[in-house]
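According to TrEMBL:
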type	residues	note
REGION	1-36	region 'Disordered'
COMPBIAS	14-23	compositional bias 'Basic and acidic residues'
TRANSMEM	72-94	transmembrane segment
REGION	175-196	region 'Disordered'
Amino acid sequence: RYASTERPAPPKPRVLEKPDRFRPPSHPSRLRQKTRYTYGPELTQAQKTKRYPHMMPPEGTFMHWFLTNRNIHLWISLSILVSLVVGIWLTDFLHDTPYKDMLPPNSMFFAHPFSFIGRWIEVYDLHVAYVSAQTAEKRKQKVDDVKKRSAYRKAHGLDQQEGIFGGWMAKSDEQSKDPELVGSSPQAEPQHAGEATIESIASKPKMAAETYVDFDGKAQPVQKKWFGIF
């Protein structure tokens, strides 16, 4: 048989079917099924009861109930917190109260418990009254201090100079000085005209608050500033 000299035609390219919608690789049309693992046969009764070191106690025992019961753990936690609070309160009370000598002895609790508790309540009432009196005295001192400051400012006319915003606005150099130094200028002392101007301004407090002395010894009106800008 003679070999053919004609070459076979090249295969046609494979044409894929047009998809009806776009499906990205991360979102396939079907959900992926989880891989099934075989863990072996179930444990026998002997294997279930076999004990190893550092394992939980077996079910049905007292230790298993004690370690897995939520109520007993809640009771223990609250008991510890309450005991800590009571201990801190008792230590603070014994350290701060001036009536520590009036407290009954601890041995009286077993002999006369009701008298012991009643004495403690009486001493605690005295301590509360003492603390309340101290607090009221401190508040009274603060109120008196505020009243004295307001009376001092009213007597010296400081409240009238503050304006609406209570002294938060910018003040001129003359307003920031003391009343005794208003109108004085060290640069104008060598000049006779400057000294006369200073004396005339100092003799009139209202004029001193509205004017100031420049470097030439002349009285100039004070330019009011609003918020330190105008």
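Placement of Cβ uses the backbone N, Cα and C atoms for every residue, glycine included.
Counting only same-chain residues 6+ beyond the ends of the transmembrane segment (72-94), those with a CB under 8 A from a CB of the stretch are 66, 100, 124, 127. Helix, strand and coil counts from DSSP across the compositional bias 'Basic and acidic residues' (14-23) read 0 helix, 0 strand, 10 coil.
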